[in-house]
């Protein structure tokens, strides 16, 4: 029998109630994901990411207890290149500080996975999930589990026999981008269950809003490469780099494409100038939406995205000039996540809510 679709405007009171409950659950997942990324940023900025050298998905929740267990954990850390090359004078007390950052990051990851899985089981059991969103909701805990595997794959690049004193910038960037995919997916899904007073925008506006999200994600990716290469610690001037608008040495690696991933100068250059491009595209998008849907909520959201990107650019400049202190680095990352979430919400709003299934 064919499934009949109903518009969002004629949702039954029960459907509205069920959707709001699922939204609350998805928002809790989203907040936990944002917290994980921010704690992960602090873990990276404090050099704590390699402090736990084993992956124990179940038993890893329990931290060391007593001096003997702490000494054992510290001894494991002393076997990796980061300790041998950078931290030979580290004390047990100092080790505990970096350990707790990484431990908190991992425990939050387990918590969000648990919230996603148990919530899915609960809402499915009480039949609150509409057929047209069931598959998307099943994907949420799968994406989170995959992200956990990627996290360990990233950490593995800096332990064992590795000569790296930090994780691979490639794996770090991939880890952040997969986290962003989870955030995008959960935001998009939750906003698809929202109620909207305005009508969906034209398909062209929808496509433009979607591509803006893609550009923001690309900028986040290059920001992750900047972090992985510690590229924010060099060329701490603006608007020029080393006294030049286009500095020498952008293409010093062979093959040329390698500069986009392993040359700190090139990576910072691309991150800077892609931000200018992103801001320009966001302005065009805002005026395009205003032209097509004058004085609409869609248009106001589009202009607010421009404001957020401008604020983020200013924060980026200040963070660079200050040589990336931990506080500014985390604020810069937080605003990036806020822009990503808001742009996804804007994109979903241009499409309207999911139609209900009768």
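Cβ atoms are placed via backbone N, Cα and C, with glycine included.
Annotated in Swiss-Prot:
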{"type": "TRANSMEM", "residues": "22-42", "note": "transmembrane segment"}
{"type": "TRANSMEM", "residues": "107-127", "note": "transmembrane segment"}
{"type": "TRANSMEM", "residues": "133-153", "note": "transmembrane segment"}
{"type": "TRANSMEM", "residues": "172-192", "note": "transmembrane segment"}
{"type": "TRANSMEM", "residues": "208-228", "note": "transmembrane segment"}
{"type": "TRANSMEM", "residues": "269-289", "note": "transmembrane segment"}
{"type": "BINDING", "residues": "271, 332", "note": "heme binding site"}
{"type": "TRANSMEM", "residues": "302-322", "note": "transmembrane segment"}
{"type": "TRANSMEM", "residues": "324-344", "note": "transmembrane segment"}
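Nonlocal intrachain contacts for the transmembrane segment (22-42), taken as residues 6+ away from its ends with a CB within less than 8 angstroms of a stretch CB, comprise 48, 101, 104-105, 108-109, 111-112, 115-116, 119, 123, 128-129, 137, 140, 144, 175-176, 179, 182-183, 186-187, 189-190, 193-194, 227, 326, 329-330, 333-334, 337, 341. If you look at the transmembrane segment (172-192) against the transmembrane segment (208-228), you find at least three C-beta pairs under 8 angstroms, all six or more positions apart, and that counts as contact. DSSP assigns residue 271 (heme binding site) to a helical segment in the three-state reduction. Note on the transmembrane segment (208-228): residues 41, 44, 166-170, 172-173, 175-177, 180, 184, 201, 261, 264, 267-268, 270-271, 274-275, 277-278, 281-282, 285, 288-289, 302, 305, 329, 333, 336, 339-340, 343-344, 346-347, 350 of its chain, located 6 or more positions outside it, place their CB under 8 angstroms from a CB of the stretch. DSSP classifies residue 332 (heme binding site) as helix under the three-state reduction.
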